[in-house]
Amino acid sequence: MSRILLKLSGEALAGDKHHGFDEATVIEVAKQVKQIVDNGTQVGIVIGGGNFWRGRTSETIDRTKADQIGMLATVMNCIYVSEIFRYVGMKTAVLTPFECGNMTKLFSKDRANKYFAHDMVVFFAGGTGHPYFSTDTATVLRAIEIEADGIYLAKAIDGVYDSDPKTNPAAKKYDELSIEEVVEKKLAVVDLTASIMCLENKMPMYVFGLNEENSIVNALTGKFNGTKVTV
Ligand code: UDP
């Protein structure tokens, strides 16, 4: 049985609106994840919060409080996407590193494993539960804890480039590169804290563009044309 961790950015949920939710986009993601789950892969999900809020959004309020708002944004995102997943016929659970009353369940590895054993998609909401971290860090942390085979990063861009293709038309896409190179060249795959955790714990990453048709299914069924980050 393979087990993966899929990271979706908050912006990915907003479609062309760039804020909030775009239901058609999320239903499309849900249908693709259902195919993967139906084929026997266990799927954990982490979602960013950028469609609502980022800790650095405000220069007025305290960073810790701003980050708390960011973490709560990821909880809203996971509850929303979890419901859309149920709408298309999957079983889901939302886990958080802090109590959210009866809205989510508290994260533990045992609890996640129990849900995976019941063929549920498990959402890891609320980031790490700590300010000054990111959902990148939460993605790698949860992937390591649940012993995932790899992290699938669905991005607005279709892989890792040697420079920004928006500003440099000659930018070159990597088919494969090592996590050491990502760290040395400061390539923006995940943030530095998350990269170091991947390096130390030998967690591979697969970076691909969410906007391409059937991209999640393709990434998992041998038609991967993004960037593989090896360990
Ligand atoms: N956040 C946090 N701790 C975590 C995860 C997220 O404080 O463990 C906050 C942080 O403010 C971040 C926001 O939640 O900016 C949304 O997360 P995301 O990783 O999407 O932020 P981004 O990388 O887009 O700034």
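From the backbone N, Cα and C atoms, a Cβ is placed for every residue, glycine too.
All protein chains shown were included, and the count of other CB atoms within 10 Å of the CB of K7 (ATP binding site) stands at 27. If you look up TrEMBL, you'll see K7, L8, S9, G10, G50, R54, Y161, D164 marked as ATP binding site.
Residues or ranges marked as UMP binding site by TrEMBL: G49, D67, T128, G129, H130, P131, Y132, F133, S134, T135. The Cβ of S134 (UMP binding site) has G127, D191, T193, A194 as same-chain neighbours under 8 Å, each 6 or more residues away in sequence.
According to TrEMBL, the feature domain 'Aspartate/glutamate/uridylate kinase' maps to 3-208.
Comparing the Cα of R54 (ATP binding site) with the Cα of every entry in T128, H130, Y132, these being the binding-site residues, the smallest distance points to Y132. According to DSSP, G10 (ATP binding site) is assigned to a helical segment. Checking the binding-site residues K7, L8, G10, R54, T128, S134 against ligand 1 with a 6 Å cutoff on the Cβ atom leaves G10, R54, T128, S134, in sequence order.
Non-local neighbourhood of Y132 (UMP binding site): G55, R63, T64, D67, each in the same chain, at least six residues away, with C-beta under 8 Å from its C-beta. Residues near G49 (UMP binding site) in space but far in sequence (CB under 8 A, at least 6 apart, same chain), listed by position: G10, G70, M71, A73, T74, N77, G127, T135.
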